[in-house]
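**Q** One structure, as structure tokens, below. Some questions next.
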Amino acid sequence: RDERNQSIIVSGESGAGKTVSAKYAMRFFATVGGSASETNIEAKVLASSPIMEAIGNAKTTRNDNSSRFGKYIEIGFDKEYHIIGANMRTYLLEKSRVVFQAEDERNYHIFYQLCASASLPEFKDLGLTCAEDFFYTSQGGDTSIDGMDDAHDFEKTRHAFTLLGVKESHQTTLFRIIAAILHLGNVEIKAERDGDACSVLSEDKSLNHFCVLLGVELSQMQHWLCHRKLVTAAETYVKSMSVQQVVNARSARIPLISKLMMFPLEVMWFSCFTLSQHLLRGFINLIWFETFEVNSFEQFCINYANEKLQQQFNSHVFKLEQEEYMKEEIPWTLIDFCDNQPCIDLIEAKLGILDLLDEECKVPKGTDQNWAQKLYDRHASSLHFQKPRMSNTSFIVLHFADKVEYQSDGFLEKNRDTVYEEQINILKASKYQMVADLFQDEKDAAATTPMGKGAPKISVRSARPVIKAANKEHKKTVGHQFRSSLHLLMETLNATTPHYVRCIKPNDEKLPFRFDPKRVVQQLRACGVLETIRISAASFPSRWSYHDFFNRYRVLMKKRDLSKSNKKQICQNLLEELIKDPDKFQFGRTKIFFRAGQVAYLEKLRADKFRAATIMIQKTVRGWLQRLKYRRERQAAVTIQRYARGR
């Protein structure tokens, strides 16, 4: 109605209902908006949900269907409020989950769905068995989830692919890649020369399956799994890698291959509208603040993102709100709130945690321990940083929601995301075009294949900046890319009118109808809801400029008032007449501020005025029609009587 781009920010703890809330909101707009064309775009928007859940959701200790990546979904509407397309950006897919799961956790659902359907005739060539037989799906222990049927869910996923127009050949290639990832995890690496070198047998069944499924040369992959090429100014030579280096390299290559897990989204979402020319509603659904027994690089990035979102919330609800009251000279008592800017500075400012991490990654023999020591030396005096008493490799950050202890082990390796060029070249040479395309220079560019002639398009893209040259991209650390993508997200959100949905988790046991008051209050305090309630009770949530108020509510004004030139005075006279309680509104320098419910009251008066005018018009027209009908009937009756009497 107001022709403004808007965003809905859904937040809450893992398992609180963020994914379901966003799904319901999308379903609402798809149902109410519909599409103007015959392509049924709203059905395609809804069909994306099972695919996103299969590829991006996994079981954790706190939630059986936890989203392990953040997403920003935009839905575009035309002037008639019909959906004309959609668009999605992804943030921080939890890549490490592909290769490692903690106890009582699972890998992404798609792996278990495919294993559960391995007996189908079309999947015989994948060489799959049950999920318990694969290292990448059995580390967490139990591979099943109570109340979840992986085979049935896989049918839903395949149906969604079909509904979105994904070709059978593309689906088959995608499933081949997922199966190849599982086989790579089972490749057996044998140590040689006291662990300084290693090898893989060419007869290794898992390696053979991997190479066949991805269409790459077995001998090349066997060699470069255990060797790397070193280039100096004078010469180039090949060096054997230790078992640990091979495991690290194999784990680093999985995230690159796992990008293909996002391929279905790139096929099904294609952009069809110019963002500046149409009304948009965006949904941001990020992984909420996390703290586990062992917190590593992934939790650090997730919590950093939530610090930024909390800052955006503080800025919109507290800072901007109270600053506007001051500017408009409205009587106001300032409400204190927790400003988390110092914590954000600790993370992203010059020589902050991320800067020191990137600096240590550039050091030839940099280690996690050296980096942790630099943090102690640099930030010991910070109020938001602490050193644990019993550890020299961990550090504590005091976030807005809670204090979290991070183990520095693995931070450097995950931040570097090291991938060896020789292995990339083997995958580039795959006989399957989709696999080869992933590792080309522009592998992160958004897809542009249309869904069909005249079809609205939808697009998905990685939220990080696209960098053309592959070798340059590998030099960009994960932390640097994530920081850049967060800044882009904040710019997008600040350009919209935000709305907030806070999901509250009632208990930690995943049980229905059980309410834990202490946990609920803890969540309310952590996300600033209590302060929000205070400011909502005391504030004026609705505001109109004098010009807009005059134009909308002039129907309530007296004719003698409309002839006056001072619109501000006219508005003041009207409100003092209609709203008897002076505390329900305030007059600012350029705007009128209203307590909650007052604009709805004025809208009711305006609607009543229009209704009365409509009834008056209807009454007059109906009376005229009845008089006209009466005259015609009377004339006809007189004519009949005249002829009858004459007869």
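Even glycines carry a Cβ here, placed using N, Cα and C.
Here the structure is a predicted model, which means the values were calculated and not measured.
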**Q** Could you check which of 118-140, 486-508, 509-531 is flagged in TrEMBL as region 'Actin-binding'?
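**A** When 118-140, 486-508, 509-531 are checked in TrEMBL, region 'Actin-binding' belongs to 486-508.
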**Q** Got a sec? Which of these binding-site residues, SER14, THR19, has the most Cβ atoms within 10 Å?
**A** THR19
**Q** In the region 'Actin-binding' (486-508), how many residues does DSSP call helix, how many strand, and how many coil?
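**A** Output for the region 'Actin-binding' (486-508) reads 9 helix, 7 strand, 7 coil.
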